[in-house]
Amino acid sequence: MGQQGNLKLKCQQYDHKDEIETICYNQFCQDFRLNCFKCDKRRTHHDHINDVEKINSLIGFIENRNKECDNLIDNLDKYVESLNQSFSQLKRGIKLKYSLQKERLINLNSQQLNDYLNSTIKFMEYKHSITTIISDQAKKLNHTFNNIYEQLQLLSLNYYQIDDNSIKQSEKLYDKGYDLYQKYKYTEAIDILDISIQQNPKNYKSQGCKGACLMMLNKYEDAINWLDQALAIDPKNVFSLRNKGACLMMLNNYEGAINLLDQALAIDPKDVFSLRNKGECLRMLNKYEDAINQLDQALAINPKDFFSLRKKGECLRMQNQYDDAINWLDQALAIDPKDVFSLNSKSKCLRILKQYSESFQFLDQTNVIDTQAIHSKGDDLADQLKQKKALIHCEQSSTKNSNDLQSQYQQEFCQQIQNQ
């Protein structure tokens, strides 16, 4: 801007060419604030003339505003630091009370161990309450931040002249952040992308990539906020459109997701990510034929798309086309032999086809105690009237989730057959 004595601006109002002489600082003024001698003669600011100052007051005004801005940021930092301290204290307290290391265990007497057991047995109840409270407050705080962001119109930086060097630096940082995103290093990517956005607040690619990283960290609402900022700058950016659609899908807003994915596909009809996610949304809406149509389009472009293969298999299973479903699930399992979703889905098909031994084999391959797998294995055994083994599997599932009505029903069914 230059030193105070060298600040010379030409008037841009009414075709005036004179230098600016006065500035209006009135809070409620809606007229152009910088005025030349000819503007002053028009008496534009006459009703609040006490708020009009000479042009040489501008530097001092800006310096004062900079100090106020810095003071506000310092105060916000103090609030965040106080919040971090309270949060750290809470985490330390939880770990100290409810996490017992072997080294500490051997030093406890029976009374101390009894006290520990009394506390930790109730821990699961507290855990649910704590998680709910913190999650709700975090959502409210994020909502408040978003409202403040909009009220301050922080995206409206039209008076900022971003120099070419900052733009180039922002692009380099974006490339680095995107590379980390592709390597699944989402937190590291966000750190780099934040710097990129600082260099150029209108870098929609960095904003969109940050949104994608947050989505992969299961922070869907935060992700949508950044994707919206990117789309405000470039409304036809396929990357941001499809990722916002994916976020809405993960939040079970399938109709909203389809709307965004359709916008992405209108721009790029061959975008596999959008095609398969639209197919998944339609599947969740029980529109299996429409879902298969979308998944087929994705597979026509990429026949090895794992997500589309497994979801098409599941759609066919839901339509009672078990042999066809197995064919597509086998193609998915050829890519990832340990995919629990595909293994369970195939085992269900085999059970319906009364191929119980094969069904067991696929369930056993999951290598994890999966409640859904236990349900299926219990069904298989019950179908063959192997009541004792079926009862064991149903009891395992019921023990894992005491509120699981399906397991309880299976257990009662098996017991009835045993008693016959």
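Numbers here mean position along the shown chain, with the first residue as 1.
Placement of Cβ uses the backbone N, Cα and C atoms for every residue, glycine included.
Annotated repeat 'TPR' per TrEMBL: 204-237 (among others), in sequence order. Confidence in the repeat 'TPR' (204-237), given as mean pLDDT, stands at 95.
Annotated repeat 'TPR' per TrEMBL: 238-271 (among others), in sequence order. Long-range neighbours of the repeat 'TPR' (238-271) within the same chain, counting only residues 6 or more positions beyond its ends whose Cβ lies under 8 Å from a Cβ of the stretch, are 204-205, 207-209, 211-212, 215, 218, 220-221, 223-224, 227-228, 230-231, 277-278, 280-282, 284-285, 301.
Distant neighbours of the repeat 'TPR' (272-305): 238, 241-242, 245-246, 249, 252, 254-255, 257-258, 261-262, 264-265, 311-312, 314-316, 318-319, 335; these residues of the same chain sit at least 6 beyond its ends, with a Cβ under 8 Å from one of its Cβ atoms. What TrEMBL lists as repeat 'TPR' is 272-305 (among others).
In the repeat 'TPR' (306-339), the DSSP tally of helix, strand and coil residues is 27 helix, 0 strand, 7 coil. Per TrEMBL, the feature repeat 'TPR' maps to 306-339 (among others).
Taken through DSSP, the repeat 'TPR' (238-271) splits into 27 helix, 0 strand, 7 coil. Taken residue by residue, the repeat 'TPR' (204-237) breaks down under DSSP into 27 helix, 0 strand, 7 coil.
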